[in-house]
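Below is one structure; the comments refer to it alone.
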Amino acid sequence: MVSNTEARTADAVPPAPNKSWRTPAEGGVWIFIFGDMSVFAVFFVLYLLVRFDNPAQAALDQAALNKNFGAINTVLLLVSSLFVVLAARAVRSGTQSRHAPKFIVGASICGAGFLVIKIVEYTEKVQHGITPYTSNFFMYYYVLTGLHAFHLLIGLAVLTGLFKLTRQPDMGAKNYSLFESGACFWHMVDLLWIVLFPLIFLVR
């Protein structure tokens, strides 16, 4: 017969990975993620139609963008995703309370750095008289990057929740699933930027 203590301990430990493949996070989270990415896909298509309609003007507008800002932000989000992966690995190994919080803090710092650079970038554009009303290109530039920044803000709130989860000495199956869901959302935010950066800043 299993004692109450053993039962509680078994419930507190995240489910051990098995050899059979499984999808991380809850199914509802994936529905939300795919739905959200579908909305972005529609905006991507509309943006490309604008570029093809007047490629010369789009190239001229694109030249006004600061590619260094975009490149730095890309590196920041890639590093943040790495930190989240390392945090997930720590959670699976059962050492989340020692290592995972540090990785989540690192990911949060990278995300906050992204927002700071984006604010500087927006400020620079406005000071030069570049607004969403300047051209169709800049309308989509502000809409797409602004929508992404909004998702990143939500992602930072999600990371705060993950930080609290990883501070627990033990993580049950339910909290482990919540952690995976939050991690998947953050990776989605990063993936969207990986598409946005070349699409807006580089592709001619």
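Glycine is treated like the rest: Cβ placed from N, Cα and C.
Quick look at what TrEMBL lists:
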- 28-204: domain 'Heme-copper oxidase subunit III family profile' (DOMAIN)
- 29-50: transmembrane segment (TRANSMEM)
- 70-91: transmembrane segment (TRANSMEM)
- 103-120: transmembrane segment (TRANSMEM)
- 140-163: transmembrane segment (TRANSMEM)
- 184-203: transmembrane segment (TRANSMEM)
Same-chain residues at least 6 beyond the ends of the transmembrane segment (70-91) whose Cβ lies under 8 Å from its Cβ atoms: 14, 98-101, 103-104, 106-108, 110-111, 113-114, 117-118, 159, 162, 166, 171, 176, 179-180, 183, 186-187, 189-190, 193-194, 197, 200-201
Beyond the flanks of the transmembrane segment (140-163) by 6 or more, those residues with Cβ under 8 Å of it: 36, 40, 43-44, 46-47, 50, 61, 65, 84, 87, 101, 104-105, 107-108, 111-112, 114-115, 118, 122, 131-132, 178-179, 182-183, 185-186, 188-189, 192-193, 196, 200
Contact set, same chain, for the transmembrane segment (29-50): CB under 8 Å, 6 or more residues outside the stretch: 23, 58, 136-137, 140, 143-144, 147, 151, 181, 184-185, 188, 191-192, 195, 199-200
Arithmetic mean of per-residue pLDDT over the domain 'Heme-copper oxidase subunit III family profile' (28-204): 92
